[in-house]
Structure formats: C-alpha cells, structure tokens
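Asker: Quick one: this structure, given as structure tokens, is what I'll be asking you about.
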Amino acid sequence: MTKLLYGNPVASEIQLRLLNYMKSINKQPKIATIIVGDDVSSHKYVNMKEMASVKMGIEPLSFRLDKHITQDELIELIDKLNSDYEVDGILLQHPIPGHLNEREAFDRILLEKDVDGVTSTSFGDIAMGKNSFLSCTPAAIIELIKYYDIEMKSKHIVVIGRSSILGKPLSSALINEDATVTTCHSYTRNVEEIVGQADIVIAAVGKPKFVKGKWIKEGAIVIDAGYNPGNAGDVDYGSCLEKCSAITPVPGGVGPVTIAKLLEHTVLAAGKKAKYI
Ligand SMILES: Nc1nc2c(c(=O)[nH]1)N[C@@H](CN(C=O)c1ccc(C(=O)N[C@@H](CCC(=O)O)C(=O)O)cc1)CN2
C-alpha cells in the first residue's frame, strides 16, 4: 500500500510549536508582504500566507504594487521596510514582472528579515551550514521528510529543477542532511534513467505531470513540489502511485508546510532566534 504523505499534520505540528514559542516573545511578529503586478496565483498564495499569519497572531502588512513600478521604487520600499524596526520579516512574492531585476530586489532584503530565505547570503549561509533561513519550500520538504521518519542519510535523492528559491537551495540543504544528491535540469540528458536510480525523487520543475510512473524505481519515495495552475503538481500522480512506496499529494502535500515554514521563520526572526531550517 502506498503511503500518502499529507502536509496538514506537518503544518499543524509546526504551528503548535510556534504557539508555544510565541508565548516567550513579548511582541506581535509582523511580516511585510509584497506583490508586484496582478499575477493571479501570486495573489492567491500571498492571501493564503496572510490568512495563515493572522490565525497565528502574526500581523501582515500588505504592499500591492502596480506592474509598471520601477526598480528604484521597489528598492525604495524594501529599504523602508528594512529600516522599520516594527517589521520582522519581508516577503517579496516571486515572480515579479520581467522589466524588474528580481535578484537585485531579493538581495536588498536585510539578512535578518529574510524569512523567505531568498537572498544570496541566506543561500550561501545554508550551503555552508550557517544559521540563516532556508527558502520556505525546501525547508518544508525537509521538515515533511523528517516528520514521516524518512531516512535521508546515504540515500540517493534526485531533485528535478534548479530554480534559485527551490531546486538549488534544496539540493544544497539535502547534501547537509548527508544525502547523495543529483540535480536534474533542462540540459540534463537521460532524466528518466537518473530518476530511475533514485531512492527519493523530488519534482520541482514547474511542468505539470512531468514525472511519469514508469521512470520511478519500485518502492521509491516521490515528493511533488509543483504548484502549477489548476492545482496540478509536477508528478503524474496516478502512474507514480502504482510504483512508489510513499508520495505527497497535490494539493495537500508540500504546499501547506511551505506556508507554515514562513510563519515559523517570521516568529523566529521576531524572537531574534534565527534557526537553521
Ligand atoms: N517569494 C516566494 N515566492 C514564491 C514562493 C516562495 O516560497 N517564496 N513559492 C511559490 C508558491 N507558493 C508560495 O509562494 C506556494 C504555492 C502553493 C501553496 C499551497 O499551499 N498550495 C495548496 C493548494 C492551493 C489551492 O488550494 O489552490 C496545496 O498545495 O495544498 C503554498 C505556497 C511561488 N512563489
């Protein structure tokens, strides 16, 4: 019987941990959320993050910027939030319109307010095993794997995707968990063959139903980090279900844990206790 790795119990456990921790902080954590433009999915995800924040007693400060905003105006807002003592965390939702330099904007976020783990410095710190916030979806995946007592040490984990907020930091964090990691991307030859050698497959490619059941080694574990329109994951769920020993559903898998990790990082930032993963 294939085990379903649901995200909600993992998210609930994180939230319980946070509620306890919040009792020891004598301030209400505040997160600034920024969306540039009118990407429908971005608005949906940020609304979900804000609703979850409010439920946890975190105050969201929303910034919805026009799609024609200039780089200077965006940087000016980030600078203002960096120097606002009341703001504990800053979230700049990806993607932003193409005329803007997203990397420069991410990197403008002060390290201690980078609760979303998107700055180059956070990424470098994580790679070196230093104390910064890991990007939220990679952090969610590692939390979910640990929650279900899945061994990472010495396992061959194949990550499909190398985006700067998902595939790359995830591969790096998995190496720190003593896994043997192969990262596949659009120039990788024979992806099917490589996936077939994996003990754990993590799909973070941004292509609906990309991973097929026939690629999967019998009994492997499949984690779907995809968030495509219409709630489609990156994994062809039906065919993979038949081959694997455990799988995350979409929706209801990695997604809810990603949001819980953002809340956790925000509360930890508020408590000035940044903690690795
Ligand atoms: N600055 C960032 N931008 C983006 C990130 C990020 O971590 N930081 N990640 C993605 C998308 N994302 C969060 O922003 C995200 C996507 C999906 C979910 C989620 O919980 N999905 C639900 C289904 C939602 C629904 O009902 O429609 C699920 O999987 O159960 C959470 C977060 C892009 N940009």
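Glycine too: its Cβ is placed from the backbone N, Cα and C atoms.
What TrEMBL lists as NADP(+) binding site is Gly161, Arg162, Ser163. According to TrEMBL, the feature domain 'Tetrahydrofolate dehydrogenase/cyclohydrolase catalytic' maps to 5-116. The domain 'Tetrahydrofolate dehydrogenase/cyclohydrolase NAD(P)-binding' annotation in TrEMBL covers 135-272.
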Asker: Give the mean pLDDT for the domain 'Tetrahydrofolate dehydrogenase/cyclohydrolase catalytic' (5-116) on the 0 to 100 scale.
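Answerer: Within the domain 'Tetrahydrofolate dehydrogenase/cyclohydrolase catalytic' (5-116), the model's average pLDDT equals 97.
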Asker: By a simple count, how many Cβ atoms lie within 10 Å of the Cβ of Ser163 (NADP(+) binding site), its own Cβ left out?
Answerer: 16
Asker: Across all protein chains in the structure, which of the binding-site residues Gly161, Arg162 has the highest Cβ count within 10 Å?
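Answerer: Ranked by Cβ atoms within 10 Å, first place goes to Gly161.
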Asker: Apart from Gly161, Arg162, Ser163, which residues in this chain have a Cβ no more than 8 Å from the mean position of the Cβ atoms of those residues at the NADP(+) site?
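Answerer: After dropping the recorded site residues, what remains is Val159, Ile160, Ser164, Leu166, Gly167, Lys168, Thr183, His185, Ala204, Val205, Gly206.
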